[in-house]
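Below: one structure, written as structure tokens.
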Amino acid sequence: MSTDLRSRVLTEHNVSRETAQALDLYVAQLTRWQTVKNLVGPATLSEVWQRHVADALQLLTIAPEARRWLDLGSGAGIPGLILAIAGRGRSGFHVELVESNARKCAFLSETARLTGAPVTVHNARIEAVIGHRSGIDIVCARALAPLTQLLAWSEPLLTSGTVGLFPKGRDAAAELTEAEDAWTFTRDLIPSRTDSQARIVRVTSLSRVDP
């Protein structure tokens, strides 16, 4: 079953043989490290190609021209490390991964080295990194925090032309309503290709609501 899912995901996203091999390495690494460090929900490993790989790859279809990405709370490298693996052959493509947990950073660094993924791993808190970044096309985060908090962390970038892409589950609309109490922004709710109840929130032109 997982082989069928793998083939379908690779076909849908027009993945080259070399990139497919690198994604196989990522999945093998994730499976190996999962035994010592709980990187993803154990029940999701059997559906890793749909739940994690395809879920990350769909962001490239939303922002195909983006070259510089910043992934907040990277954890198991979803979506950031997967995006970097898929973008290896693109000129200037680079993903910065921000993760405060040292063991997870070890996983990210080792897997990036094995797959040749163009990444920089920041073993630091988001607040210590994000204010010093510039030239970022996309800031993203999955399963990290409510949208209001993601916007607060991303404010230095989203007020300077960067686009936010934040995958959300069935509570996306409620999180948007809460965020709009504190922030003004342009947004799109993009249906997820991997979960009919999920959405990807695209955010631009962020500013704070006047008190």
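Just so you know, glycine gets a Cβ as well, placed from its N, Cα and C.
Taking Cβ-Cβ distances under 8 Å and a sequence gap of 6 or more within the same chain, the neighbours of E127 (S-adenosyl-L-methionine binding site) are W153. Secondary structure from DSSP puts E127 (S-adenosyl-L-methionine binding site) in a helix. Positions annotated as S-adenosyl-L-methionine binding site by Swiss-Prot: G73, I126, E127, R142.
Binding of S-adenosyl-L-methionine is attributed in the record to G73, I126, E127, R142, and the widest Cα separation among these residues amounts to 17 Å.
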